[in-house]
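*Asks:* The topological domain 'Mitochondrial intermembrane' annotation in Swiss-Prot covers 1-197, 272-294, 365-387, 465-473. Positions annotated as domain 'EF-hand 1' by Swiss-Prot, on the basis of sequence analysis: 19-54. The annotation Ca(2+) 1 binding site is assigned in Swiss-Prot to ASP32, ASN34, ASP36, LYS38, GLU43. Here Swiss-Prot flags 122-157 as domain 'EF-hand 4'. If you look up Swiss-Prot, you'll see 159-168 marked as region 'Linker region', on the strength of similarity to another entry. The annotation region 'C-terminal transmembrane transporter domain' is assigned in Swiss-Prot to 174-473 on the grounds of similarity to another entry. Annotation comment: Swiss-Prot describes 192-277 as repeat 'Solcar 1'. Annotation comment: Swiss-Prot describes 216-251, 309-344, 406-444 as topological domain 'Mitochondrial matrix', evidence class similarity to another entry.
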Amino acid sequence: MLEQVQKFLLSRAACEGPDPHTRYAELFHKLDVNKDGKVDIVELQEGLKAMGMAVGKGAEEKIVAAGDTNKDGHLDFGEFIRYLEEHEKKMKIAFTSLDKNKDGKIESAEIMNSLKTLGINISLEHAEKILKSMDADGTLTVDWNEWRDHFLFNPADNIQQIIRYWKHSTVLDIGDSLTIPDEFTEEEKKTGQWWKQLLAGGMAGAVSRTGTAPLDRLKVMMQVHGSKGNANIITGLKQMVKEGGIRSLWRGNGVNVIKIAPETAMKFWAYEQYKKLFTSESGKLGTAERFIAGSLAGATAQTSIYPMEVLKTRLAVGKTGQYSGMFDCAKKIMQREGVRAFYKGYIPNILGIIPYAGIDLAIYETLKTFWLQNYATDSANPGVLVLLGCGTASSTCGQLASYPLALIRTRMQAQASIEGAPQLNMGGLFRKIVAKEGFFGLYRGIAPNFLKVLPAVSISYVVYEKMKIKLGI
């Protein structure tokens with residue numbers, strides 16, 4: 001893949017000596033096709049392509065953004081040289097951290113051990129595939145020159161960034177915040193990257209939830225009203241528009257968006273605390289421990305913001321003019337039903353975290369490992385389609401497992417607002433639904449729920465990527 005650029009750099013090194021400045025100057029003039037003393041994104045893309053360098057999606061933009069100190073959208077000669085010199089220093093640090101036995105070469109076992117510390121288990125065969133993609137001389141080891149030439153125009157600074165391609169829970173927001181929280185490295189915590197990633201994820205979630213709010217409200221209506229006339233998606237949407245106009249399709253969305261910030265903050269804080277309890281003596285957190293810590297963090301976060309979940313449901317099923325807003329809704333619930341009403345449906349909600357988060361994590365990890373072992377030949381970057389596919393599949397399976405509990409939770413939240421509806425507990429509601437509507441009654445409303453998954457995931461990903469650029473992540 002990189003034979004041309006490797007030959008170019010090695011030939012320059014042989015002719016000009018070890019001075020990297022000379023090699024990089026030659027490379028700059030090779031990329032500066034129009035000879036204006038600057039290299040822009042288009043020249044970088046075309047030049048790297050001509051030299052056989054397959055860099056990741058958006059890598060050229062990241063390189064220009066990182067090196068463009070005067071923010072004119074180009075890399076002049078000085079900026080180009082400074083960027084590569086700084087990048088080479090970072091690559092040297094990454095190489096040294098991987099070279100555990102300090103023999104000046106990276107071997108398959110060192111690749112496996114480094115990825116294992118990041119929670120990725122790969123086979124020896126796959127570790128050798130990774131090495132072969134960098135190995136220019138066929139020795140099945142990678143020395144510093146091979147490492148430098150391979151990662152010369154890769155904006156990733158260290159091996160830990162491989163895992164970042166697979167961080168998905170803050171990125172892919174489908175409206176149900178029951179996933180295991182993201183992992184952040186010590187470096188990300190020290191540099192403040194963690195809060196930028198959380199902010200980007202929160203913005204992505206807000207836009208995604210707003211974009212799919214009509215389907216989310218339809219799901220709630222179908223869950224609460226069972227087998228009434230809105231069992232059909234089109235019919236249900238028409239009824240909502242007829243009752244309250246187009247704006248009614250977004251009823252309850254305000255609360256759904258507002259609760260993202262406190263829930264995300266609480267989940268992140270709680271996850272860090274629970275991780276300390278379950279981390280082994282070696283300082284590592286296994287998949288099982290991560291699942292337990294993540295589930296407990298999810299339960300803690302849900303407990304703290306659960307009254308907002310009740311408000312969202314009541315607003316969604318409310319009629320036009322019934323509530324003037326979130327605070328009016330809260331006031332009326334307090335006056336008529338008391339404080340306990342804000343925690344109706346709490347038990348099935350908490351019970352639903354375990355199957356959702358567990359299955360979502362297990363399937364995502366399985367798909368991730370499968371892709372890395374079978375398809376990650378040249379890069380650990382899976383690409384957008386693979387990420388969206390894995391995230392959608394794992395979230396969908398998690399929803400299937402926990403949906404009956406989610407439906408019972410929603411009915412318990414809403415039943416006091418429905419005239420003549422008996423106030424049943426979790427067991428009573430379960431028996432009533434099965435007796436009246438059959439087993440499939442427990443999955444009432446799942447069609448619009450599934451229908452919103454792909455657009456929600458896609459919107460989340462696009463907004464997240466845009467926010468990352470804005471925040472300089």
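Cβ coordinates are placed from backbone N, Cα and C, and glycine is handled just like the others.
Have a look at these and tell me how they're positioned relative to everything else.
*Replies:* Applying an 8 A CB threshold to same-chain residues 6 or more apart, the list for ASP36 (Ca(2+) 1 binding site) is empty. Following the DSSP three-state reduction, the secondary structure of ASP36 (Ca(2+) 1 binding site) is coil.
Taking the domain 'EF-hand 4' (122-157) as a whole, pLDDT averages 70 in the prediction.
Here the topological domain 'Mitochondrial matrix' (216-251) has long-range neighbours at 175, 209-210, 313, 315-320, 406-407, 410-411, 414-415, 418, 433, 436-437, 441, 444-449, 451-452, meaning same-chain residues at least 6 beyond its ends whose C-beta is under 8 angstroms from one of its own.
Secondary structure of the topological domain 'Mitochondrial matrix' (309-344) per DSSP, as helix, strand and coil residue counts: 26 helix, 0 strand, 10 coil.
Sequence-distant neighbours of the topological domain 'Mitochondrial matrix' (406-444) (same chain, 6+ residues past either end, Cβ-Cβ under 8 Å): 176, 220, 222-224, 226-227, 231, 309-310, 313-314, 317-318, 336-337, 341, 344-349, 352, 399.
Long-range contacts of the topological domain 'Mitochondrial intermembrane' (465-473) within the same chain, counting only residues at least 6 positions beyond its ends with a Cβ under 8 Å from a Cβ of the stretch, are 58, 61, 65, 193, 196-197, 199-200, 203-204.
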*Asks:* Where does GLU43 (Ca(2+) 1 binding site) sit in the DSSP three-state scheme?
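*Replies:* For GLU43 (Ca(2+) 1 binding site) - judged by DSSP and reduced to three states - the answer is helix.
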*Asks:* For the binding-site residues ASP32, GLU43, which one has its C-beta crowded by the most other C-beta atoms within 10 angstroms?
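*Replies:* Buried the deepest by this measure is ASP32.
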*Asks:* Out of ASN34, LYS38, which of these binding-site residues shows the lowest number of other CB atoms within 10 Å of its CB?
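*Replies:* Candidates: the binding-site residues ASN34, LYS38. Fewest Cβ atoms within 10 Å: ASN34.
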*Asks:* Near the Ca(2+) 1 site, what residues other than ASP32, ASN34, ASP36, LYS38, GLU43 in the same chain have a C-beta no further than 8 Å from the centroid of the listed C-beta atoms?
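*Replies:* Sorted by sequence, the hits are LEU31, VAL33, LYS35, GLY37, VAL39, ASP40, HIS74.
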*Asks:* Near the topological domain 'Mitochondrial matrix' (309-344), which same-chain residues lie under 8 Å Cβ to Cβ, leaving out any that are not at least 6 residues past its ends?
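*Replies:* Hits for the topological domain 'Mitochondrial matrix' (309-344): 216-217, 220-221, 224-225, 243-245, 248, 251-252, 254-256, 258-259, 302, 410, 412-418.
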